[in-house]
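Scroll down for the structure; my scribbles are underneath it.
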Amino acid sequence: MSVTSHSPDKTRAWSALEDHFAALRDVHMRDLFARDPGRFPRYTVECGDLLLDYSKNRVTDETLGLLMDLAREMHLPQWREALFSGERINCTEDRAVLHTALRGDAPVLLDGEDVMPAVRAVLERMRGFTEQVRSGRWTGYTGKPIRHVVNIGIGGSDLGPLMVCEALRPYGHPGLSMHFVSNVDGTHLAETLKAVDPETTLFIIASKTFTTQETLTNAHSAREWFLASGAGEGDIRRHFVAVSTHTEKVKAFGIDPENMFVFWDWVGGRYSLWSAIGLPIALYLGMDRFEELLAGGRDMDRHFREAPLERNMPVIMALLGVWYVNFFGAHTHAILPYDQYLHRFPAYLQQADMESNGKSVDRQGQRVGWHTGPVIWGEPGTNGQHAFYQLIHQGTRLVPCDFLAPCNSQNPMGDHHDILMSNVFAQTQALMQGRTLETVQAQMRAEGLDEDTVARLAPHRVFEGNRPSNTLLFDRLTPRTLGRLIALYEHRIFVQGVIWNVNSYDQWGVELGKQLARSVLDDLRADTPATGHDASTNGLIHWYRGRRGNG
Ligand SMILES: O=P(O)(O)OC[C@H]1O[C@](O)(CO)[C@@H](O)[C@@H]1O
């Protein structure tokens, strides 16, 4: 690797940020706004139709300057170049990380060979296939056109395509209904199969490794269901396609390689929606719109690569996150989309962010002495307001929030959209400004309440404020805009990984549970006593074995 890495807490900027934090921790954003009328124009940045307003953060010019120093001391510009140019920055798996090439338009050399011809060839095959299915020329085994697409995959082979198909529903093919089966709980597949017809259903078996237990179990059961409907083995080719990096394993499952769409080990699962893993997206939206999504990702790549760090949207968002995690001690970060179509965006980002930066050893294998990725969570507004915003406004924890909202609804209806947007702006204002005890008391007296009631209730009605948020506005949730948004968060994750000196592109933390599940499953199938686990696990296995089949 051409770039060196080291501990962030050994940098000069980190120490300076610690001192600066001590001076700023009790400063209220109300006062920062009062002192500085230029905050909004200075602390906003654009990329295409995206506007990021980060003025409602607990920062000053000095904070931002020090955060930029930290990025430079951690060699962010060099790491960014290593990412885009195909260096093997996934050091534990010795892999390049090239999801940006999937949406790129220039040669990218990996081991001296340009990856772009292969990328374009897969896109062309996707175009041919999706046009056949969407036009009705690709028929099922009884000659009927495809009406249902069932994607069977999990994690990155599910969450991205599912989120995008939901987000871009207004652009979806009216004659295709999209289904996503991920959970190995038989209920997920069973409920999906109740809604589809074997003669008109196309199954996509999506798995980078083609070894994932949940996906293969669901895929085998789907095939059995299909064959039980009266179809023959020879009909499988019209109803099952695969997306994977492993041709041999796809063949072994019984899917013709002709019906397989490939991608490569340099595409991480949680960054793979831009690859053939996006096949459900391309089927639903059509290939032109899928390419608009890619173009949106490319817009953000260009911005990330070319804009100065101080005007760089993913860099700014990432560094603000570092400021809260490492200096204010924030444990979580809320993603609050005020667009119903983005209702799976927080779930998608949970995997993208937490599987990437939920690490506790650095790139050198040493235990980190600083906090890394926060818990990512969220729900669409305004529903969240009536659920968990109480804690964000008045709880004891600091929860930095991202509010995302379109300036135009896909479904204009009366004054719904102005009402929705008034909530976005009011929430961020309330979080920032709060409401002081004096204001509460004055308001209560103006309402004519007696002094006892004022004294008793006023403390409950105080809002400390000083709670940070970013606001991301965009014109309308189009494929291109969504591409920009997704790539924005991908790069935010990358930058934070660089600052925390972790490898954001492996996921060893999912291994142990998988391994143990295999040995537990052996014990669930056995009739001899289970003794090889701890007392709790042995006890649970026996309890379950004694009761299954009774319910
Ligand atoms: O696409 P695959 O190989 O089935 O993996 C699915 C998911 O499983 C994981 O490896 C771990 O949960 C994810 O990183 C990945 O997205």
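Using N, Cα and C of the backbone, Cβ positions are placed for all residues, glycine too.
Sequence-distant neighbours of E355 (active site, proton donor) (same chain, six or more apart, CB under 8 Å from its CB) are G155, R270, Q507, G509, V510, listed in sequence order. TrEMBL lists E355 with the feature active site, proton donor.
If you look up TrEMBL, you'll see H386 (among others) marked as active site. According to DSSP, H386 (active site) is assigned to a helical segment.
TrEMBL lists K514 (among others) with the feature active site. Cβ neighbours within 10 Å of K514 (active site), excluding its own Cβ and spanning all shown chains: 11.
Its Cβ taken as reference, H386 (active site) is surrounded by 9 other Cβ atoms within 10 Å in the chains shown. The distance from the Cα of H386 (active site) to the Cα of K514 (active site) comes to 37 Å.
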